[in-house]
Each structure stands twice: as C-alpha cells, then as structure tokens.
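Listed in TrEMBL for this protein:
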- 12-46: repeat 'PPR' (REPEAT)
- 114-148: repeat 'PPR' (REPEAT)
- 246-280: repeat 'PPR' (REPEAT)
- 347-381: repeat 'PPR' (REPEAT)
- 382-417: repeat 'PPR' (REPEAT)
- 484-518: repeat 'PPR' (REPEAT)
- 562-654: domain 'DYW' (DOMAIN)
Amino acid sequence: MREVFNLMPKQDGVSWNLIISGYASQGLCIDALKAYKLMLEDGRMSLNRITFSTVIILSSDNGWIRMGRQIHGQIVKYGFKEYVFVGSPLVDMYAKAGFIYEAEKVFHELPERNVVMYNTMIMGFLRCGMVRESRSLFQDMPERDSISWTTMITGLTQNGLDREALVLFRKMRLEGLGIDQFTFGSILTACGGAQAVEEGKQIHAYIVRTSHSDNVFVGSALVDMYSKCRNIKYAETTFSRMLNKNIVSWTAMVVGYGQNGYSEEAVKAFCDMQRNGVEPDDFTLGSVISSCANLASLEEGAQFHGRALISGLISFITVSNALVTLYGKCGSIEDSHRLFDEMYVKDEVSWTALVSGYAQFGKATETIDLFEKMLVHGFQPDGVTFVGVLSACSRAGLVDEGKVYFESMVKERGITPILDHYTCMIDLFSRAGRLVEAKDFIEKMPCTPDAIGWATLLSSCRTRGNMEIGKWAAESLLQLEPENPASYVLLTSMYAVKGNWAEVARLRRAMRDRGVRKEPGCSWIKYKNRVHIFSADDKSSPFSNQIYAELEKLNSKMIDEGYVPDVTHVMHNVEESDKIKLLNHHSERLAIAFGLIFIPPGLPIRVVKNLRVCGDCHSATKIISKITQREILVRDAVRFHLFKDGKCSCGDFW
C-alpha cells in the first residue's frame with residue numbers, strides 16, 4: 001500500500017484518506033496520525049469531511065482526547081464544523097470521554113442534524129446517566145428509526161430503569177419498527193433486571209415467531225434473562241436448544257448456575273464448554289472459580305488457579321478477585337492474602353474480598369486494619385465491605401466499634417443500610433449478650449428484620465436463657481415465616497435446657513401439624529475427588545466400622561484430657577448415657593473421624609457443615625486437635641473455625 005502510494009505522481013484527498021484508513025485498519029494508529037500530519041503539510045486542498053471523520057474516530061477509539069481536541073480545532077479552522085458527517089463522531093468522542101457538555105455544544109452548533117446525530121447525542125446522555133435529557137431529546141426528534149428506540153431501551157436498562165425500558169419496547173412494537181438482535185438483547189436484559197419473567201416469556205415467544213430464534217446473541221440473552229429471573233430450568237432448556245453456542249452463551253449458563261446456587265452444575269458446565277473446544281475468557285473463569293468458592297472446594301479451585309496461570313488470565317482482575325475470594329472462603333486466608341499482595345492492580349472488589357475473608361475467620365483486628373488501609377489507599381468501601389467489617393466486630397464482641405462503623409457508613413459514606421447491615425447489628429448486640437439493646441435496635445429499625453435477623457436474636461436468647469425476649473423473637477419469626485423451622489427448634493432447645501419437656505412436646509406437635517420439617521444437620525469432607533456426606537448417627541458409609549472405632553478411641557483419650565460432654569445440647573428426653581452417645585455421633589465428628597483415618601498426616605482436615613457447630617462439638621474438636629496434633633478446619637453456616645493445638649481461631653466467641 002505504502003509503495004503504491006509513494007509511486008503516485010500526485011496524491012489527492014482520496015488517496016490520502018485511503019492511506020490513513022489503511023493504517024488505521026491494521027492497528028497502526030501512530031502511522032495513521034503521521035500520514036494525517038503529512039496530508040496537512042501537503043495543503044488544505046486535499047482535506048475533506050472523510051479525513052476529519054476518520055481521524056476523530058481514531059482518536060476516540062484510542063482515548064486520545066487531547067489529540068481529538070486539536071483535530072476539532074483544525075475542523076473549525078478549515079471550515080468543516082457544520083458538516084453532520086464530521087459532527088457525529090465529534091459528539092461521540094466527547095460523550096465517550098465524559099465531556100458531555102462539549103458534546104452537547106457541538107450538537108447544537110450544527111445547522112442540520114440527521115437521525116444519526118440524534119442517536120449519538122442520546123447515547124451520550126444515557127452513557128453519562130442524564131436520563132431526563134435523553135428523554136427530552138428523544139421526544140424532540142423529527143423522525144426516529146429502530147436504532148433510536150434501541151438506544152433508548154439500552155440506555156434505560158443500563159441506568160437501572162428496567163420497567164421503563166419495557167414500556168418503551170411496547171411502544172416501539174406499536175410503531176411497527178423492525179426489531180433486531182440488539183433490541184432483543186437489551187429488552188431481555190431489562191426483563192432480567194426487573195425479574196419480569198412473564199414479560200420475558202412473551203418476548204421469547206415473539207422471538208420464536210421471527211428469524212432470530214437461532215441467533216446466538218439472542219439465545220445467550222435469553223439464557224441470561226431466565227437465570228436472573230431465578231428460572232434455571234428454562235435457562236437450561238433454552239441453552240440446550242441453541243444450535244450455535246459461543247463463549248457468551250456458555251458464560252451465561254455458567255454464571256446462571258452460580259447465581260442460582262447450582263455451583264456443582266456451574267463447574268460441570270465449564271468442563272463441558274472446554275470439551276466442546278470453547279476456550280474460557282476471564283469472566284467465565286472468574287465465575288467458575290466463584291462457584292468453587294461457594295462449594296468450599298479448594299482442590300477444584302486450585303486446579304482452576306493453575307489454568308489461570310497457564311493461560312495468562314490471572315492478570316485479569318476478575319480472575320484474581322475470584323481467587324482471593326476462593327482461598328478466603330476455603331479457609332486458606334494466608335493464601336488469599338498472598339494472592340492479594342501479588343496483584344498488580346486492585347479495585348474495591350479486591351479489598352472487599354480480603355476484608356470479608358478475614359471477617360469470616362473472626363479476625364476482627366486484621367479486618368479493621370485492612371479496612372483502614374483500604375481507605376488510606378483511596379478506595380471507597382461499599383455496602384458489602386461494611387457487611388464484612390460489621391460481621392467481624394460481631395464475631396469478636398467489639399460492640400462499640402461496630403456501632404461507630406455503622407454510623408460512619410450512614411453519615412459519612414451516605415450508604416443506605418439494607419437488611420444485611422441491620423442483621424449484622426442485631427448479631428453484634430445479641431452475641432455480646434446485650435439482648436435488650438438488640439430489642440431496642442430492632443424497634444427503631446425502619447424495616448422489619450428478615451428471618452435471619454429474628455433467628456439470630458432467638459439463638460442468642462437460647463444461649464443466654466432469656467425466655468422473655470426469646471418468645472418475642474420466636475413469635476415475630478413465626479408471623480413472618482410460619483413454615484420456618486428455626487423458631488420451633490430454638491424454642492424447643494430453650495425449653496429442653498430448662499427440662500420443660502411438656503412445652504418441647506407441644507412445639508413438636510405444632511411442627512408436625514403444620515408440616516414444618518427441621519433441616520437435618522449434615523457435614524461433608526472431600527477425599528480423592530469424592531464428597532463423603534454424614535448425618536448424625538449415620539451408618540450408611542462403607543467405612544462406618546472404622547469411623548465408629550476411631551471415635552471410640554478418641555472419646556477415651558478426650559476424657560483423659562478433661563472432656564465433659566455438655567448434654568444441654570441434646571433436645572431429647574432420654575437417659576444421660578443416651579444423650580452422651582447422641583453427642584458423640586454428631587455429623588461433624590463422623591466427618592472428622594473419617595478425615596483422621598484417610599487424610600494423610602501433615603495435611604489439614606477440612607469439614608463443611610450446613611448448620612452452626614454446637615457448643616459441645618466445638619469443645620470436643622478443640623481437644624481432638626490437641627491429642628491428634630492435627631489441624632482441623634470446620635466451615636459451618638456462620639463462619640470458619642480453625643482448630644489447632646487445643647484452641648480455636650474464633651476464641652470461643654461465635
């Protein structure tokens with residue numbers, strides 16, 4: 001190209017434009033700008049609207065705003081400022097860079113404006129969150145095409161106005177305009193954001209009747225919409241019927257599984273994607289690592305960590321943040337912190353992931369130190385960050401500090417508390433035994449606590465033996481969720497401790513009559529890529545004889561170390577010996593015994609439990625860690641417990 005250009009006896013505007021666009025199309029942007037400079041030196045007679053449009057787009061695409069401003073000056077100097085063909089990319093450049101008022105000035109200075117100019121200006125307003133201005137300009141348009149409508153629908157969705165986007169889509173259909181893949185993609189995103197599954201189904205039916213049903217872009221948007229609407233079965237069906245799948249569609253399915261709590265299916269879908277020859281991007285890999293974190297599956301997560309290193313995707317902040325979260329949720333907080341330190345670029349999510357990881361361990365001092373460092377480095381905490389800080393204060397009994405951070409969040413940061421924050425505060429007062437303060441806090445809340453909040457208070461009332469506030473919490477929980485077993489179970493426990501077996505029987509009859517079932521406690525441990533699940537007094541495992549023999553040996557050694565079973569944790573009116581037997585066969589102890597038998601010495605035993613660890617098992621596991629000299633990590637429904645040398649990381653405050 002260059003040789004032919006140089007051989008020309010004379011270059012005109014067309015040949016100069018071709019050489020500039022030729023360089024630009026090959027990514028040789030600096031050469032394109034050098035050619036433009038030579039063109040200017042060649043004389044203004046060669047300049048035309050195509051020249052300026054090309055170099056403005058080039059400056060915009062590369063973020064060269066200072067260069068774009070200089071070219072804008074030359075546009076004015078050489079008399080091209082009134083050309084729509086030049087004005088449209090100028091408006092787009094300024095709007096993309098956030099200089100919306102400069103974009104608006106260029107727009108209004110043009111004597112004539114076509115539909116493309118209007119669409120560009122509307123997109124600029126919406127990109128800057130100026131919804132009112134975009135609406136006004138949209139209404140003032142002398143004519144609108146399908147792009148105008150799609151731009152408005154997309155912008156409203158991006159600004160969180162999903163319902164308004166749906167209304168506008170209906171009006172677009174009444175106008176009889178053609179709807180393309182981009183319109184469908186935007187309106188399906190709006191349906192997902194608004195949880196409008198019925199409208200989404202109607203649009204899906206309309207798509208089937210058109211030629212877009214086999215479009216991979218539309219199919220991916222449908223999978224994403226159903227996933228966000230918590231209808232994972234529809235998402236699966238839509239995905240399975242897609243004739244063509246790309247990285248976007250596979251990612252939509254992987255993310256959909258993860259968002260809906262189907263973490264194992266997310267990992268399986270990721271593996272299926274690889275078998276189909278589709279290579280993951282940073283978003284897909286980050287999503288599947290997050291699913292491993294939710295499963296507390298360190299082994300699989302570590303494999304994906306290896307893949308991230310080999311593929312180079314670990315350099316993406318999405319993947320690095322997911323790995324920091326993974327190791328934090330799997331109890332390897334040192335690895336989590338090491339990865340965090342190795343990150344070249346960190347954002348608010350990175351800091352929040354590490355803060356939350358330390359909070360789950362109840363390491364309040366480290367959590368607060370990290371939070372303060374985050375502020376020093378200029379990062380702004382969000383609501384999730386404060387959940388981590390408040391929960392750390394709660395688990396360490398730092399009531400006064402927690403109150404200060406809560407007030408700081410509202411007054412200094414301007415963050416409106418949500419139920420998670422209020423639940424943390426209820427937990428903060430309740431764990432510290434300040435039940436009256438917890439009650440006062442609830443009565444002053446602008447909203448009613450959710451089931452977790454009431455159950456948190458009720459659980460502490462059970463621990464402290466406060467029947468009065470306990471009954472109030474139980475009645476409130478029953479009124480909110482009559483089918484929730486927590487109120488029955490915790491009240492039953494309170495009466496059982498006091499030996500009031502008549503009330504225990506009455507509550508159990510009420511549960512039976514209402515069809516309320518208590519979630520059975522279970523614990524699981526992973527060994528050789530297989531998950532071994534145990535419930536209390538479980539003998540279904542093929543290794544039951546070995547497990548129970550191991551427990552018998554442990555019990556005799558534990559008694560020698562001063563272990564005394566706490567039978568108040570047994571809610572059955574049976575003999576003392578039977579209560580002790582029931583305690584000895586709790587699910588976490590069966591899982592720990594399995595780990596002692598099969599997990600090689602020197603490696604930590606990692607157990608996950610779906611409910612909160614009971615006080616007796618907590619005491620027993622401390623002694624087991626001492627007599628076996630093993631590190632035992634238990635992740636229950638509330639937090640991590642790292643047992644080592646007869647001590648627990650929670651400091652017996654959980």
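Each Cβ is built from the backbone N, Cα and C atoms, and glycine gets one as well.
Unlike curated entries, TrEMBL annotations are predicted automatically.
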Check your understanding: DSSP says what for the domain 'DYW' (562-654): how many helix, strand, coil residues?
Key -> 38 helix, 16 strand, 39 coil
Review point. Can you name the far-off residues of the same chain, 6+ from the ends of the repeat 'PPR' (347-381), with a Cβ under 8 Å from a Cβ of it?
Key: 317, 320-321, 324-325, 327-329, 331, 333, 336-337, 340, 387-389, 391-393, 395-396, 398, 401, 409, 413, 639-640, 642, 649-651, 653-654
Check your understanding: Restricting to the same chain and to residues at least six past its boundaries, which positions have a Cβ under 8 Å from a Cβ of the repeat 'PPR' (114-148)?
Key -> 84, 87-88, 91-92, 94-96, 98, 100, 103-104, 107, 154-156, 158-159, 161, 172, 175, 177-180, 183
Study note, to complete from the structure: Outside the repeat 'PPR' (382-417), at least 6 residues beyond either end, the same-chain residues with a Cβ under 8 Å of its Cβ set are 348, 351-352, 355-356, 358-360, 362-365, 367-368, 371, 374, 424-425, 427-429, 431-432, 434, 639, 650-651, 653-654
Revision key, fill the gap. Outside the repeat 'PPR' (246-280), at least 6 residues beyond either end, the same-chain residues with a Cβ under 8 Å of its Cβ set are 216-217, 219-221, 223-224, 226-228, 230, 232, 235-236, 239, 287-288, 290-292, 294-295, 297, 300, 311, 313
Check your understanding: Could you give the mean pLDDT over the repeat 'PPR' (114-148), rounded to a whole number?
Key -> 91
Review point. Per DSSP, what is the residue tally for the repeat 'PPR' (246-280) in helix, strand and coil?
Key: 26 helix, 0 strand, 9 coil
